[in-house]
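Participant: Below you will find the structure I want to go over with you.
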Amino acid sequence: MSSSDLLKGEFDGLNSEHFNMMQYLTQDTDEDDGSMVSPTSSADSMHQNLGVQQQQQQMLQAQQRQNQNGIFQPRRFPESPAMTDPCGNVSSSSSSSHHSDPMFSPNEFNGYAGANDNGNQTMNNIQSQQLSQQQHQQTRGGNLMMPQQSSIHAQMQNMNAPQFWSQPGTAAVNQPTNTLAQLNLFNIIRGGADSGMPSPVLEMPRKRSRLDTPCETPRIAPSFAGIDGFPDENYSQQQAIRFSKFQEEQWSPLYDINAQPLQQLQVHVVADKGFNYNSNDNCFVNQKKNHFQISVNVEASDTMPPKYVNFNNRLVPIRDFKLSFCGVKAEMPSSEITIRQSRADRKPHTHTPVLFEIQERRMTKVCVPRLHFSETTLNNQRKQKNRPNPEQKFFLLVVRLFASIDESEHGVLIQSYASEKVIVRATNPGSFEPQDTDIGWQRNGGALYTQGAVSVGTEHQVESAKLTVAGDIYMSGRIINPSDIRLKEAITERETAEAIENLLKLRVVDYRYKPEVADIWGLDEQQRHRTGLIAQELQAVLPDAVRDIGDYLTIDEGRVFYETVMATQQLCRMTGDLDSKIDEKVAEISRRLNEYAVRKKLASSMASNLNGDNKSLSYSRCSLTSTATNATSQPKRSRKHRAIKQAQSCGSRLSQGTVVTLVSIMAACLLAMSALYVLDWHNRNYGYHQHFETNTPSTKGELANLVISPANFMPSFQPDAPILLEKCFNPSCKTYCCTDTPPVVEDSRAIATHGLDNGDEVYPESPSNRTNGIARAPNLEHMAFETGVEIRIPALNVTLDQRYCVERSCNKRKGIFNVFVPVSRYMPDVALEIEIKAPISKVVSNCGAFPSTEFNHKVCPLSRTQQSESPVPTSTRLFDNIFELSMGSFIQSAYRFRVGYSTETCFSEDSNGSYEEYNLIFYRMCTLSSS
């Protein structure tokens with residue numbers, strides 16, 4: 001008789017109620033003979049406390065129904081740890097015998113407190129632990145303390161809120177955790193006896209006593225937990241294998257005792273251990289020598305238990321339910337792989353289906369340990385470079401629920417579930433592990449990540465770059481960069497004026513990579529041809545757009561892109577300015593055309609009125625003549641016939657002459673208006689050229705520039721332009737560059753030129769204007785050029801603006817400003833400093849004095865610096881915007897300055913609106929008196 005039969009005979013229906021579970025679990029095997037302790041050996045000692053235990057169970061069950069909501073409890077110790085045999089025999093992966101100490105003891109696992117939501121089963125476990133502690137105390141002491149009972153009862157009633165992350169005591173961990181499992185122990189042993197699973201027989205004494213749990217027998221425990229409250233011991237540590245429905249078309253429905261169809265069973269399969277996910281193979285791996293353990297949770301949600309099953313289109317009574325396991329090939333599900341189960345002697349046997357019961361509105365948990373695949377998958381060996389074999393084969397672990405009937409030996413399939421793809425290997429798992437360099441790669445769901453940098457197609461890593469790719473990148477999406485203002489600081493707007501100049505300096509070229517570079521980078525002939533920029537040239541224009549990564553220079557194309565954006569913005573502003581100017585000109589032309597149309601209409605109406613008066617006059621004459629002839633006699637009509645014809649012909653000639661005269665006058669007026677319009681247009685576009693005569697023929701590029709002969713023209717009078725050093729308040733003031741005799745000074749206080757005749761006041765002497773007796777010009781209200789450019793003479797406190805323009809010599813539309821600066825005879829023959837202020841985005845270029853072909857420079861005849869200086873005027877840059885002009889040594893001299901976005905504007909022939917030209921012409925007033 002087997003050990004299971006002995007246990008079944010001992011635990012009959014009469015003795016099941018006297019079963020002492022705590023004594024059976026805590027008492028060790030006899031060290032001398034190795035015999036098994038009977039679970040009912042001390043059943044008599046339990047009779048005295050049975051009434052108290054039943055009362056406690058009723059109280060706890062009542063509290064269970066009140067606390068049906070899910071409560072978090074500290075994660076319990078795993079039922080079967082990875083390296084410890086929970087059955088008290090041997091380790092699952094160690095070669096030591098069953099006498100060896102465990103890898104780690106439950107007594108040393110007190111700090112384990114991971115959160116796990118077990119649904120309503122949590123309250124059952126807490127209550128079961130407390131009840132088991134009381135029973136253990138009764139067994140050892142023989143009585144139960146009533147104050148402790150009342151204290152526990154009060155604690156259970158006051159438990160209204162969930163408790164999170166509470167630390168369990170050592171006694172609570174070491175005690176059994178399921179009271180309902182104790183109450184159904186007889187069904188467990190009977191199911192184990194039917195399945196042929198013998199109880200363990202301890203052949204040798206142990207080194208020390210430890211907890212005995214008969215795990216070789218499938219554990220069946222009904223639970224009140226819902227379908228979503230299944231505990232997964234490996235959930236927080238590693239990825240768990242999943243099971244899905246399998247061969248659903250072969251399932252058979254269940255019926256109750258009234259032949260009413262029942263709802264489908266809620267089945268949840270959990271692999272407690274034995275399957276590890278391998279990121280390199282992208283699937284789960286099982287070692288053939290290591291067993292795996294499966295827990296199946298079956299819940300029936302109907303009020304009636306299943307009694308019949310549909311078999312061959314008729315209802316057949318169900319004898320019992322079985323749970324079986326098998327493996328199938330992933331590529332051919334019809335090919336089954338046998339599943340074996342190891343027993344206490346570590347010898348594998350063919351797995352026998354496990355019997356279990358299905359109760360109404362209850363959940364049944366079946367735990368089947370020590371399962372093995374009888375075969376390994378094919379093509380497990382690596383091909384090259386430790387990469388997975390492309391011809392790798394896989395298994396599927398199938399869990400089947402059968403209903404045993406009398407008409408079929410194999411039973412009827414109720415439900416079946418298959419796992420994900422599994423690789424079963426028999427060799428050392430370390431041979432399939434990646435190299436040390438690949439340890440940093442991890443998989444989180446469907447994402448593969450690493451903490452370090454990644455290089456694709458190259459062994460070199462660019463400094464501070466997380467990803468380095470040697471080759472092309474194909475992307476169907478977008479590159480998204482975080483640009484939230486909450487992430488940024490020190491935000492400043494860049495000037496867009498220089499962007500156009502920067503883009504004009506860039507050179508876009510077509511090029512090919514060198515053959516040796518193409519060989520290293522793996523580029524074909526088509527990929528060698530590129531269009532882009534040269535890093536060295538870009539570095540000279542935009543230094544922040546080029547980075548040095550060590551061997552070569554790289555270009556930040558994003559920086560170049562934003563430079564083009566700024567240039568586009570500047571072009572839009574310039575286009576807007578041009579549009580506004582064009583609109584102004586169009587409006588002016590429209591106004592003139594309207595005036596011309598009104599004048600033409602007025603002239604036409606006048607001509608039509610004149611023609612109408614002549615016709616009415618002739619008509620009236622004719623009518624009077626006809627009336628007179630009718631009133632006279634017939635003889636007088638023949639006499640006056642000739643006179644009437646002469647009068648009619650005379651009136652017709654008069655009207656024709658009048659019309660011709662008026663038409664001629666209108667034509668002359670039109671010609672005159674056209675000539676005036678053309679002259680006005682010419683005057684507006686070409687300024688003051690009608691006043692000047694050039695010594696040399698002007699070219700196309702010099703049409704609007706100053707090309708004059710001072711001998712033939714000088715401004716006769718500039719009433720709005722202050723003369724430099726116009727007044728002198730010292731009778732002994734010396735004159736320069738003027739050969740004529742100084743005028744006689746009657747008033748000893750002042751010597752003034754023609755400016756005093758216009759009502760200019762003579763300013764009194766002050767410490768600020770008595771330097772050498774020469775007064776500085778007052779700072780009158782000036783008229784700016786409206787371009788942002790300001791020209792000043794700091795030593796004289798004079799600003800050169802539009803007051804110094806002659807007629808239309810300053811043309812803002814063409815960007816040319818010819819400024820005539822009169823200088824008095826009291827100005828010394830020394831150099832003069834001027835200051836030109838331009839906007840931040842523009843640069844002032846010193847183009848020097850006018851060449852002799854464009855301007856006739858006249859040197860002072862009595863200049864003290866004539867022998868040492870050149871007869872050609874000079875313009876020297878002293879500081880950024882301060883220049884020194886040698887105008888004091890000349891009677892007349894001209895200098896050119898250009899303000900633009902580039903420093904090369906002096907070499908440009910045509911401005912095209914890219915710069916503004918300022919021509920400063922200095923002339924002494926003594927030339928007027930001498931001429």
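Each Cβ is built from the backbone N, Cα and C atoms, and glycine gets one as well.
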Participant: Among Asn614, Asn912, which is annotated N-linked glycosylation site in Swiss-Prot?
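Facilitator: Checked Swiss-Prot: the N-linked glycosylation site annotation sits on Asn912.
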Participant: Rounded to a whole number, how many Å is the Cα of Asn797 (N-linked glycosylation site) away from the Cα of Asn912 (N-linked glycosylation site)?
Facilitator: 34
Participant: Of all the glycosylation sites given, Asn797, Asn912, which residue's CB has the most CB neighbours within 10 A?
Facilitator: Asn797
Participant: To what whole number does the mean pLDDT across the topological domain 'Lumenal' (680-931) round?
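Facilitator: PLDDT averaged over the stretch: 71.
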